[in-house]
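Read through the structure below, which is laid out as structure tokens, and then see the notes.
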């Protein structure tokens, strides 16, 4: 999933939206955010062989910058040699020499950070902080032309390969989410082929739009192969709200099958909202403490 912060400041609404937002009322309508930089970080996790990785395909297509975290370069190389990342970063203890030589031959920057107090995901995210999305806003016109101002905001971060391996590595991905998401205005998303997850901030109204693939064909037939590829995977409808780091004293939601009304705390050993279901186009959440929102990834079942 991807997202944009609607308004700046501590009280602004935080909006989370799928990378490919499919308008189910208009099969040809897809929303993109070309004015915002998106960065894909590929971790050292197995990638299902083509054409069975629709999640990676859509994230690659929707990203302006691609970074492999150390051995993630090996995985990408095995998956599709034509996919050339912009950078490879890590302590490089996992990077194969053949893979390194191949990417360096394609002008990929290979950067070693030997620090053992940070993992390879942290090392990749450190350089993401230097990438700013710039948008130009027209302020007016004069005889010399239109005047513009330039504003910058953090990029959106997609992390592919965050789940599906060792449990401690999955927990490291969540630890990175809690550490880094605030630095990217909460626009950091963890992905595997089955799951996506992101962190909802405390005391900020959140809006979540899951334009998911629900297993049905588009209302109108299409011969657009690229569109059908985009429609072959999407987030939801099964979802969850998980108070991973601490107890959440109060959480209120709308748009779910089992909404929460703010009267019951969530914590491990008590209430945790798993196997919930998105019912509306927009899910709203207001929470007293940061919580993880998870959604399954649906994919087209080919005959």
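A Cβ is built for glycine as well, from the same backbone N, Cα and C atoms used for every other residue.
Database features, via TrEMBL:
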DOMAIN    234-291  domain 'Thiamin pyrophosphokinase thiamin-binding'
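Remark: secondary structure over the domain 'Thiamin pyrophosphokinase thiamin-binding' (234-291) totals 0 helix, 31 strand, 27 coil, with classes taken from DSSP. Mean pLDDT, taken over the domain 'Thiamin pyrophosphokinase thiamin-binding' (234-291), works out to 90 on the 0 to 100 scale.
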